[in-house]
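Annotated in TrEMBL:
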type: BINDING; residues: 143; note: ATP binding site
type: COMPBIAS; residues: 73-86; note: compositional bias 'Low complexity'
type: COMPBIAS; residues: 103-114; note: compositional bias 'Polar residues'
type: DOMAIN; residues: 114-403; note: domain 'Protein kinase'
type: REGION; residues: 48-117; note: region 'Disordered'
């Protein structure tokens, strides 16, 4: 029986019949074996006065790896082999999913051949299930954000993430396809977001036995930087770029996901920013050394670490603690000078100056693999500059010649921004790496000073962003998987980014 169902008019009336009953939503009477209950055609007509077929969902998922040092994880038993997911025999392929804004005729779900709904990952701020959209039979990802209103800080963080998911419009950045209609404000405690379902993530691919060609590395790195350029143009710092947060589909198309730690950059350098960000292996030196203010350069460092991991098929800087992490970095880059440590706290600088001086060991990068060419190492070292002011920006990195082949491959057969012509040619877009139409607005955060204000504004935001041209969805308590879904929880504290070292 379906976990998600369509909401009926009578469902709205009965939704608040009892405090004890499930208030997330009520589905029409059904005994369908599928987890998501598909409504009857007459039911659709009742809810959609304009008639017409609902838009095809391209889905969006936030799957996470089961790596012990990644903040989010998913069951290894559920991981498909990347050889089946990351392109059979090469990079790229014919896109099967419609581009945003396109419509497709929905295919009714065959209740005798239903793929079971199942959990595919969880993180600090949500749980993700692979489910079937009953409106068109497509597999999508359903992200559950439970216990939203525990604290003012956490509730505003969830609100920020949801607004970002609705703001994003880029093929290398995960975005919300739909939001489940919330219950009455009195019972509003959880949020459910539908996103695209991706088949794998970069962590699973890196640790798999599948061969990664130089083309794979280039096209993956190009897409990461392409998506990150869009985020940075909107003034957003992701703050948790890691392989498990880079989703990959069967055509090797990559999307950046998990914006639970993302925020708008802070232009005022006198204002402190939280240090409990970025999984340790991908944490920039300025964060490891206690910087109270940092920039989008922390994301570039993380991408550099991932680039090295793609080349060597192992974590570039692997350590057991933040202090040891810093030692691994200086083993490669050498001891930084005072100018390079200008953002570090005094205690961290003192620690570094007391350590024996180390020379750079950058030639070691050539030993990562045969793919570590001169061009690759040159780009990598510029992304891994100790001083964030000397680190390449994403826009600068995208101009590096190493990425020319990745750009050509992506836009020749993988992207949706370019189109094939009837004569077998390719009509290329005028802008290969588009930026956001405008900066992401976070001024609303200062207006919300109480939990009740956040709750009211968040409820209104969801209601205003429901897909008006589609039948609204709700959780189906009659589903066989409902009990398991309702009890699924977020990550434990031990799985969150570790607290920064206290230098002083």
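Numbering starts at 1 and runs along the chain as displayed.
Positions of Cβ are set from backbone N, Cα and C atoms, glycine also.
Note: TrEMBL annotation is automatic and uncurated.
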Residue 143 (ATP binding site) CB neighbourhood, other CB atoms within 10 A: 28
Where the residue listed as 'ATP binding site' sits in the secondary structure, as DSSP reduces it to three classes: strand
For the domain 'Protein kinase' (114-403), the mean pLDDT of the predicted model: 93
